[in-house]
Amino acid sequence: MHAHLAATTSREDFRQLAVDHRVVPVTRKVLADSETPLSAYRKLAANRPSTFLLESAENGRSWSQWSFIGVGAPSALTIRDGEAVWLGTVPQDAPTGGDPLHVLQATLELLATAAMPGLPPLSSGMVGFFAYDMVRRLERLPELALNDLQLPDMLLLLATDVAAVDHHEGTITLIANAVNWNGTDERVDQAYDDAIARLDVMTAALGQPLPSTIATFSRPDPRRRAQCTIEEYGAIVDHLVDQIAAGEAFQVVPSQRFEVDTDVDPIDVYRMLRVTNPSPYMYLLHVPNSDGATGFSIVGSSPEALVTVKDGRVTTHPIAGTRWRGQTEEEDQLLEKELLADEKERAEHLMLVDLGRNDLGRVCTPGTVRVEDYSHVERYSHVMHMVSTVTGLLGEGRTALDAVTACFPAGTLSGAPKVRSMELIEEVEKTRRGLYGGVVGYLDFAGNADFAIAIRTALMRDGIAYVQAGGGVVADSNGPYEYIEASNKARAVLNAIAAAETLTSLDFGVALAPGRVAARGEAGNQGRL
């Protein structure tokens, strides 16, 4: 079946690459201009554990060129009892046990492979998340908040089989990565044949029809349980304002968690987020447990990167200052002017830009850190933000993982100064943050990285969706306002969950030939919901 389909990577090319590449991609490009990223995900990944879908909508409007589907991941690196542990097949020669960040860096070095021209931006790598509480491995913090969800502080999939959807071309590049553990000719040929077999399986899956996913939906007000009442959250804000007045911090970013009982499929929440809240970082990730089943799912629509590393260039985009979008272009322009003229918002933004410069200064070559495009407004689907860009060149001997940990966690989710703000957060929040305020993204084997801050994100496990949101508290903050602001930020995901629960498939009961329309009454259950 399909064995006659040529791979872009020939056996001879593969043999040559295997001489000095530990990870060798074998690719096949197919025309798939009738597929959407979601239909391709359903066909290729089928909602299985250890699969993912990563997309991007620039400024909440036009979709970016690429969507990435994680089809297969034989291994995942996570943490158990404070030690690094591999789930699934342990990669040959990969370290295990000990400090998880050291094991991750050693794995990236073990699999380090120079970028190859012509490949999509993500072709293999470690894809997953760092929870906010990973910071406890970087800084000494008190342990006061209840660790009720018991989430791992880190889990990264070793993504070997990836599909890259090119929206500009209407093509999908299927990628089966062969990990070259043993450079003998026999082993290299075996690795190539195995990669071709996986490409054939992916190609066949893409060619299969799917049941219709056409559905109606509505947008009801979301249900939720809040951790705090408006009075309780107001008391937290008042306490932090007092701490700021006493000189303990300039800004602190408290939050609270919201919960919803739901049995809705995470992919349907993702579908609704694509409709209602498209953002620069969209992600669906089914996180495996030790048995190989899905332990929990992550669904998110984040507007904000923590850090990106591309060809040695490190970039972070501090975001601070928000206005809701207007109904018209004229309203948007007025709101932009108001935001840029707001002295309080500008002061907060400058503080976070300085924090970003300091973070990058820890890992970049001295003299290369620059602030570019300072304090401009970017519009998203529902809000507009004040944004700046801070860049630098990665220092000698520094890695993409160093850049991630230097910036972690985001100042926009902790405060300034960062460590003291996190200590104050630990004193006032009821439960550990878990995923909220951490990051979702990837480190590839060519030394690049791209991580989004885990906000506007749901963690779905055992019939409950957890959504967390907060906001920056400064000297003149108001408790009731901050409560409403945090609730509004959570609504984007809570609304998507509520809408997903109303999805009703339209089952017409008759398979129609392409281009043929059913006659009146031909389908016995036409229109039945």
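Cβ atoms here come from the backbone N, Cα and C positions, even for glycine.
Secondary structure at Y281 (L-tryptophan binding site), as computed by DSSP, is strand. Residues or ranges marked as L-tryptophan binding site in Swiss-Prot: S56, P280, Y281, M282.
According to DSSP, G321 (chorismate binding site) is assigned to a strand segment. Residues annotated as chorismate binding site in Swiss-Prot: G321, T322, Y436, R456, G470, G471, G472.
E485 (Mg(2+) binding site) counts 17 other C-beta atoms within 10 Å of its own C-beta, drawing on all protein chains shown. As annotated by Swiss-Prot, Mg(2+) binding site applies to E348, E485, with the evidence given as similarity to another entry.
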Legend entry - Annotated L-tryptophan contacts S56, P280, Y281, M282, maximal Cα-Cα distance (Å, integer): 7
Inset, instruction - Round to the nearest Å and give the CA-to-CA distance linking G471 (chorismate binding site) with Y281 (L-tryptophan binding site). - result: 20
Legend entry - For chorismate: widest Cα to Cα gap among G321, T322, Y436, R456, G470, G471, G472 in Å: 20
Inset, instruction - Using all protein chains in view, find how many other C-beta atoms are within 10 Å of the C-beta of M282 (L-tryptophan binding site). - result: 25
Legend entry - Candidates S56, Y281, M282 (binding-site residues) - the one closest to T322 (chorismate binding site) by CA: Y281
Inset, instruction - Taking only the Cα atoms, work out how far M282 (L-tryptophan binding site) lies from R456 (chorismate binding site), in Å, as a whole number. - result: 10
